[in-house]
Amino acid sequence: MSPTTMTILISSLATGTIITASSHHWLMAWVGLEMNTLAIIPMISKQHHPRATEAATKYFLTQAAASATILFSSTTNAWQTGTWDITNMTSPTANMLLTMALAMKLGLAPMHFWLPEVLQGSTIKTALIITTWQKLAPMALIFTMSNALPTTALLTMAMISTLLGGWAGLNQTQTRKIMAYSSIAHLGWMAAITTIMPNILTLNLVLYLLMTTSMFYTLILLNSKNIKDMATSPTTSPTTTTLAMLTLLSLGGLPPLTGFMPKWLIIEELTTQNLTTTATILALSALLSLFFYLRLSYSSTITLAPNTTTTKHKWRFKPTINTTLLTMTLPTSLLMLPITPMIC
């Protein structure tokens with residue numbers, strides 16, 4: 001893909017997100033979401049491979065259905081209230097439809113089926129955009145409407161998402177699918193706290209973006225597409241592999257790393273609101289996610305000291321590490337170091 005085309009697509013992604021996040025009219029929010037969708041599809045299918053074409057088709061159909069549902073729900077609300085204002089969603093039916101549509105946009109369970117397949121059919125850089133930047137516009141709408149969204153539906157989807165993200169991630173060997181189920185689990189945590197404490201939602205989203213971006217850049221640096229690649233990565237770059245381990249443990253919410261802080265705050269707030277069952281399910285599902293993060297961390301650090309075997313070792317060859325990506329990854333990975341004790 002030419003630099004001019006890529007520049008236009010990235011600019012369209014940024015513009016669509018800004019339009020959606022800054023709009024007060026539902027039609028403009030829908031326009032921003034459509035710009036996001038139309039800009040990312042050529043980036044998914046740029047490989048000219050049947051798997052990439054399939055991923056682009058799945059993404060388009062899912063996002064188009066979600067956008068149509070958003071337009072239908074906003075039209076229903078405007079029919080009943082006479083206004084297209086985003087903050088004036090008073091129709092229960094429209095609110096429920098909108099919640100389902102935004103969940104489909106984000107990849108929340110049970111509308112999550114498209115996310116792992118789309119990420120697996122995309123390049124790692126495109127998967128990074130889908131799991132980070134493409135979450136901003138729907139999250140901006142959710143944050144704006146946090147007072148009007150149905151709490152019960154969000155809590156139910158949150159529990160399903162965290163449980164499914166943990167269970168389904170246990171059986172995966174492809175790093176992109178592992179990151180997809182990680183995204184589903186983290187979105188479940190965000191959905192649980194949306195209507196109760198939107199400030200914690202913002203904190204969780206920011207830390208999720210930092211950790212996920214750092215992990216994807218590490219995968220790009222190490223050229224790791226599955227667990228086997230992660231097992232041989234310490235021989236080429238021990239420092240990057242160690243930072244990848246810290247980032248993975250932080251994604252899993254292992255105390256006292258940074259990723260533990262939003263989970264701790266969410267469980268504390270849910271307990272304060274007498275939602276102890278939801279808090280217990282979320283805490284137990286975090287153990288499932290932590291298991292496959294630990295497995296990936298173990299596979300990437302077990303070979304830090306090269307052993308003598310009959311196979312060729314990567315450490316015998318000069319590593320080719322992209323210095324630009326390394327300078328971007330190191331500061332981001334350092335943010336995953338323990339900052340949770342600072343707020344005690």
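Including glycine, each Cβ sits where the backbone N, Cα and C put it.
Not measured: the values here are computed from a predicted model.
Per TrEMBL, the listed range annotated as transmembrane segment is 243-267 (candidates: 18-42, 243-267).
Most Cβ pairs under 8 Å to the transmembrane segment (152-171), among the stretches 94-115, 203-222, 243-267, 279-298, belong to 279-298. Sequence-distant contacts of the transmembrane segment (94-115), counting only residues of its own chain at least 6 positions beyond either end whose CB sits under 8 Å from a CB of the stretch, comprise 33, 58-59, 62-63, 65-67, 69-70, 72-74, 76-77, 80, 130, 135, 137-139, 141-142, 145, 148-150, 153-154, 157-158, 160-161, 164-165, 180, 183-184, 187-188, 191.
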